[in-house]
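What TrEMBL shows for this protein is this:
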type	residues	note
REGION	1-38	region 'Disordered'
COMPBIAS	20-34	compositional bias 'Polar residues'
TRANSMEM	47-67	transmembrane segment
TRANSMEM	79-105	transmembrane segment
TRANSMEM	167-188	transmembrane segment
TRANSMEM	200-218	transmembrane segment
TRANSMEM	272-295	transmembrane segment
TRANSMEM	321-347	transmembrane segment
TRANSMEM	367-386	transmembrane segment
TRANSMEM	392-413	transmembrane segment
TRANSMEM	425-448	transmembrane segment
TRANSMEM	454-475	transmembrane segment
Amino acid sequence: MGEESSRKRKGEHKGREDGQSAQSQEPPTMNLQKQAKLPPLPSPQPGVGLISGICMIVGTIIGSGIFVSPKSVLANVGAVGPCLTIWAACGILATLGALCFAELGTMITKSGGEYPYLMEAFGPIPAFLFSWTSLLVTKPSSFAIICLSFAEYASAPFYPGCDPPQVVIKCLAAAAIVIITIVNSLSVKLGSYLQNFLTAAKMIIVTIIIVSGIVLLAQGKTENFNDSFKDSKISVSSISLAFYNGLWAYDGWNQLNYITEELKNPYRNLPLSIIIGIPLVTVCYVLINISYFTVMTSTELLQSQAVAVTFGDRVLYPASWIVPLFVAFSTIGSANGTCFTAGRLVYVAGREGHMLKLLSYISIKRLTPAPAIIFYGAIAIIYIIPGDINTLINYFSFAVWIFYGLTVLALIVMRFTRKELKRPIRIPIIIPVIVTLVSIVLVLAPIISAPELAYLYCVLFILSGLIVYVLFVHFKFNWPQKISKPITMHLQMLLEVVPAEEVTE
């Protein structure tokens, strides 16, 4: 008995040694999970309801665009009537595009916006090119544009009579990016609550402008609407460029598709958020432009440095400071919505092996894709350093409409190639056909009417993603993994992040 118990104790001791040895050989991910005493982590949790979804759309769309684009739209068409028509038409196009995305989002319920749809329809190469372009061009440049607009409006009251120094604007924009990145890395709910608050704040300034315009119209301030189509410049190129600037103000209509996995009941809430949110924005935009024209002629609006500030000075003179303050709230809310959704694209691309694996990891404590959001914010700060708003808008608009058109084309293709997929929402085929044709015109129009090298550079950058795909995704060379592995391990421990478990279908 003594010998047998001795053998058992030796066996237990040896088992403990073997267990310790095996544990020491486990990857740092497993050790980190065991130290935290957590089960395998799920993907980001559903926490966005219908009200938050509507606020996400309204809050992301209404940002800097309505305070910047009216001047550019009017400059291209030359008269009040065509200008208001373009704003309404842009809203219709955004709604049609969002309905196409609603069918895609309820048919393929994966986060990441266009990425999973392109993957299903055309395979990994177009999907990779989209994630490559979005990661390094469209999403960071959009984030940078909005934060630069915020910085200009926020700093303007401190420099009356002159433009704020560029150093002040860029430092303030960088600070905004850092704060928004931290908030969205800490908590999904915190980012969502902040979005709801900022959306409420921006709706206050939108309401003030609209109500002021209605009051002025009731008082008879309609002289600027007489002969509203006189002296208009109507041509294919001018209308296309006006659409370009108007659609920049509507950009964000597809943002909910980036967080489909985090929507409560996406089959119901995704289309409802779109149907309620975008028409609401369209009505607001048309009424805001009407309000601008009640106090400014076309010439005065074109000469204004900041349309909303000019409106506030003429209508709300004793309290004109309200306008730049609430415009700053509006732009920072739009930036928050953009950051909240764009980090999910990086997360999904990393999960598919198309980006650094670390970017698909989830925070142990916060259950947010923190590495993806932090990386995205860092790239946006790099864009702020040399860039100005107009150049960034050109890069953004050209690149983004290439992939909008390709994604809607994917919907048409999958109607014939993936008939087995369940479609809780099925829109008439004419809608994606119209959106695809319009996107082709929007991509080609600026090249034909105002060719610039910036568009060529953008195309070359997109195509350079093919080289990256072949070398690092298709052939999977070992030497980049040898370099990235220790970096990933240390960043994992620093940020306390681990891979999300595979979602079982």
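Glycine is treated like the rest: Cβ placed from N, Cα and C.
Note that TrEMBL annotation is computational and uncurated.
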With a cut-off of 8 Å between Cβ atoms, can you find at least three pairs linking the transmembrane segment (200-218) to the transmembrane segment (47-67)? Only pairs 6 or more residues apart in sequence count.
yes
Report, as numbers and ranges, which residues of the same chain sit near the transmembrane segment (79-105): CB under 8 Å and 6 or more residues beyond its ends.
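Residues 61, 70, 73, 117, 224-225, 228-234, 239, 242-243, 246-247, 249-250, 253-254, 256-257, 260, 266, 270-271, 274, 278-279, 281-282, 285-286, 289-290, 293, 298, 404, 407-408, 410-411, 423, 425-427, 431-432, 434-435, 438.
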Any contact between the transmembrane segment (454-475) and the transmembrane segment (367-386)? By contact I mean 3+ C-beta pairs closer than 8 Å, pairs at least 6 apart along the chain.
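Judged by the Cβ rule, the two regions do not touch, with the required three close pairs absent.
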Go through 167-188, 272-295, 392-413 and flag the stretch with the largest number of C-beta pairs under 8 Å relative to the transmembrane segment (47-67).
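Checked against 167-188, 272-295, 392-413; highest Cβ contact count belongs to 272-295.
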Go through the chain and flag residues at least 6 beyond the ends of the transmembrane segment (167-188) whose CB is under 8 A from any CB in it; none is fine as an answer.
44-45, 47-48, 143-144, 147-148, 150-152, 154-155, 194, 262, 332, 335-336, 339-340, 343, 363, 366-368, 370, 373-374, 376-377, 380-381, 384-385
Six or more residues beyond either end and a Cβ under 8 Å away: which residues meet both conditions relative to the transmembrane segment (392-413)?
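Long-range Cβ neighbours of the transmembrane segment (392-413): 97, 100-101, 103-104, 114, 117-118, 120-122, 126, 130, 133-134, 137-138, 141-142, 144-145, 148, 244, 247-248, 251, 254, 383, 429, 432-433, 435-436, 439-440, 442-443, 446, 452, 454-455, 458, 462.
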